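Quick look at what Swiss-Prot lists:
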MOD_RES   1  N-acetylmethionine
BINDING   2, 50  Cu cation binding site
MOD_RES   87  phosphoserine
REGION    98-140  region 'Disordered'
REGION    111-140  region 'Interaction with SERF1A'
COMPBIAS  112-140  compositional bias 'Acidic residues'
MOD_RES   125  phosphotyrosine
MOD_RES   129  phosphoserine
């Protein structure tokens, strides 16, 4: 029976040693897993931040391009409107077509939109000065 007890004791020591190694192995594996997860998480976060920044920059560029196109379009529409009004005025006899759109010296008049400061990189636009406007007093 003594041999039997000695054998069980050796088996117990082996199980304890294996359990310790397993516990140490599991703890080490858990530590490595945690490091790996944190590394992947940080790289993913960096990637997301970079991606969001890139999208924001591209969006800003597109808004700037659209803003420039809108200003160009508005200027073109205003110019065509002035030309159309000049043609109507000439056709109805309110003025000579070659004199419409010119100031007293005979030079072409500048439109209000041309005087408007536009900075596509800046989101703030200023209103044109009131010097470009003329007072209108209807005849009685």
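Placement of Cβ uses the backbone N, Cα and C atoms for every residue, glycine included.
As the structure is a computational prediction, the values presented were derived from the model and not from experiment.
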>> Applying a 10 Å Cβ distance cut-off over all chains shown, what neighbour count does residue 2 (Cu cation binding site) have?
In response: 6
> Which three-state DSSP class does residue 2 (Cu cation binding site) fall into?
Replying inline: helix
> Expressed to the nearest Å, what is the distance separating residue 87 (phosphoserine) and residue 2 (Cu cation binding site) at their Cα atoms?
Replying inline: 124
> So for residue 87 (phosphoserine), how many other CB atoms are inside 10 Å of its CB?
Replying inline: 12
> Taking the Cβ of residue 50 (Cu cation binding site) as the centre, how many other Cβ atoms fall within a 10 Å radius?
Replying inline: 10
>> Under DSSP, is residue 50 (Cu cation binding site) part of a helix or a strand, or is it coil?
In response: helix
> To what whole number does the mean pLDDT across the region 'Interaction with SERF1A' (111-140) round?
Replying inline: 55
